[in-house]
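Before any comments, here is the structure.
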Amino acid sequence: MSSLCHTSAVLVVFMALAVGVGAEQLEEKSCDVIGDESSESQMERALLKKLEPLSQMRFNVTVEKGKTENYIYHFRVCREVNSSQHDFGGLVQTDRQSGRTTVIGRINETQVFNGSDWIMLIYKGGDSYGRHCSGEKRRAVIMISCKRGVIASSFSIISEEREKEQECFYLFEMDSSLACPVEDSHLSVGSILLITFASLIAVYIIGGFLYQRLVVGAKGMEQFPHFAFWQDLGNLVADGCDFVCRSKPRNAPAAYRGVGDDQLGEESEERDDHLLPM
């Protein structure tokens, strides 16, 4: 019985070790800024955290120049392109004809900085050049520009600068809303007053309507709060408008030429006494 328990315990230990090793292998490495951890600035940490939503995405672009250059560039943000190789390759070039891969830049040698509407991610420590750039290590520069409404799009290669003696680089670009500045949503004083006034009017009308209908038991137009007051106010406003806007007196008597009393003359005082018998 004791040997069975001992065997079970050993199996449990081995399973735990296997799970731990598997979890460690599955855990992907992320960007490591060049220099000691203590020298990393808060800005660099903030920018890497801002780009974290792109880490689960993969980007590819194909470049074909004649028969000599036919490549596919694979890019990931702060993750290895091929985590099984453990080469820290964040941007990798694959020759479509020979299948040979070349690491352009590694995530364990990262630089990151930004401007008002862009973020620049630089992977250094790539595979060494052969005949170009004095055999120095390759470097990838990825310019992430602001484009609202898209998490990421338009990954492309712009150029490869390899005709210099030093500081050669591959230049890529892509669009992402993550590079956009935060939009201020502050309301002006006038907007706040307007919203407050409209809210108070809505509360007054709805609350008054419910009170008149449910408590007072009013029907029809009487359900409107303070209906008599607003009706009188409307009449007063109409009277004021009538008084100000009319150009003639409201009750002016009509006058007609040729029919005035002054044109009728006095009544003739002719007498017919001479017609009576004497």
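Every residue gets a Cβ built from N, Cα and C, even glycine.
The structure displayed is predicted, hence computed values, not measured ones.
Look at TrEMBL and you will find 1-23 tagged as signal peptide.
Annotation source TrEMBL lists domain 'MRH' at 29-182.
As annotated by TrEMBL, transmembrane segment applies to 187-211. Counting same-chain residues at least six beyond the ends of the transmembrane segment (187-211), those with a Cβ under 8 angstroms from any Cβ of the stretch are 223-226.
Residues or ranges marked as region 'Disordered' in TrEMBL: 256-278.
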Segment confidence, the domain 'MRH' (29-182), expressed as mean pLDDT: 91
